[in-house]
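**Q** Take this structure first; my questions come after.
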Amino acid sequence: MSHQQHDNTWRLLQDHLDEWVNLSKAHTSEGHVASYIPELANASPDILGICIMDSEGNTKVSGDSDFPFTLQSISKVFTLILALMDNGEEIVFSKVGMEPTGDDFNSMLKLELVEPGIPFNPLINAGAIAISSLIKGNTTDEQIDRILHFFQHIADNPSLSINQHVFRSESDTAHRNRSLAYFLKDNGVLDGEVDDVLRVYFSHCSVEVTCTDLARMALVLAHNGVDPIRKRRLIPRRFVQIAKTFMFTCGMYNASGEFAMNVGLPAKSGVSGSILTMVPGQYGIGLVGPALNRKGNSTAGVHLLGILSQEFDWSLF
Ligand code: DON
């Protein structure tokens, strides 16, 4: 992208981002805040905030961009990358597949329906639980520590931490994830004890961030694993390529096709209402809007990304 293009984008964002956020905010009323993790139900449904970061770390923020939230499923992108860095492709893809499911993110349907009984991809809950078991560490605490440090490293923010209320709230109520994990254990997909693997999984879902942290993490992916601000490689290019491909095909779950059509960027959503996305080679983007649609994606967030993609012709196609 030329400097002039960047300057134009930045000026248009300066002039219109608040207006676009307000337009999209109206769509919060179409969704509902997740309540199956009781602690998440405390978020107010009309929140919408966004941060867009350029390669020098300049930001454009709008709306409730200071609102803290937990990564939830967005964490799965980064645990996948860490599992690849720890084990390599061959081992990782002996435990999870590479295909979208068309089913809900917490579905167990295909685990029994299709042989071999490994999760279809690493971004659905079953797949991410399998990935959690692949993170290296002598103890469960060490696995969790390594994940947290890796997230802090990518986000360039040593103060990222686990929200213990959200962790406990999920851990106390995660009957479906528990059943998924036992199913995986029976299918020979999980190495460790079910309770230990789930503690790793709930911990990385409960790491608390802001839109700025998300945008910062996305920026590293936008630059294929090189941090353009610290000017060094944090992730091997191939593993970012794998992660972004999954984000494109499965990142918005069974709404990934529709999102690809309307926005056309690799993205990952979380049930906290968060979305991490990027304009390859250019911007990292983080947003939060806790009111979700039926598929578990932020109603207002998806709307806002549709506007931005159209305004700036950001679709990859
Ligand atoms: O396992 C769960 O259900 C949550 N910790 C994460 C799910 C999630 O974020 C799905 N995303 N839309």
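Glycine too: its Cβ is placed from the backbone N, Cα and C atoms.
What TrEMBL records for Ser73, Asn125, Glu170, Asn177, Tyr201, Tyr253, Val271 is substrate binding site.
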**Q** Can you list which of these binding-site residues (Asn125, Asn177, Tyr201) have a Cβ closer than 6 Å to ligand 1?
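**A** Passing the 6 Å Cβ check against ligand 1: Asn125, Asn177.
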**Q** Give the three-state DSSP assignment (helix, strand or coil) for Val271 (substrate binding site).
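**A** Going by the DSSP assignment, Val271 (substrate binding site) belongs to neither helix nor strand, so it counts as coil.
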**Q** Between Tyr201, Tyr253, which of the binding-site residues has its C-beta surrounded by the fewest other C-beta atoms within 10 Å?
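**A** Counting other Cβ atoms within 10 Å of each of the binding-site residues Tyr201, Tyr253 gives the minimum at Tyr253.
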**Q** What is the number of other Cβ atoms found within 10 Å of the Cβ of Glu170 (substrate binding site)?
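**A** I count 24 other Cβ atoms within 10 Å of it.
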**Q** List every residue in the same chain as Val271 (substrate binding site), at least 6 positions away in sequence, whose Cβ is under 8 Å from its Cβ.
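**A** Looking at Cβ-Cβ distances below 8 Å from Val271 (substrate binding site), excluding near sequence neighbours, one finds Ala34, Ile37, Leu40, Gln72, Ser73, Leu292, Gly296.
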**Q** Return the residues near Asn177 (substrate binding site) by Cβ distance under 8 Å, restricted to its own chain and a separation of at least 6 in sequence.
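**A** The list for Asn177 (substrate binding site) reads Asn106, Asn125, Ile129, Leu198, Tyr201, given in order along the sequence.
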**Q** How many angstrom lie between the most widely spaced Cα atoms of the substrate binders Ser73, Asn125, Glu170, Asn177, Tyr201, Tyr253, Val271?
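**A** It comes out at 20 Å between the most distant Cα atoms.
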**Q** Report, as a single number, how many Cβ atoms besides its own are within 10 Å of the Cβ of Ser73 (substrate binding site).
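**A** Within a 10 Å radius of the Cβ of Ser73 (substrate binding site) lie 24 other Cβ atoms.
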**Q** Ten-angstrom check, please: count other Cβ atoms within 10 Å of the Cβ of Asn125 (substrate binding site), all chains counted.
**A** 22
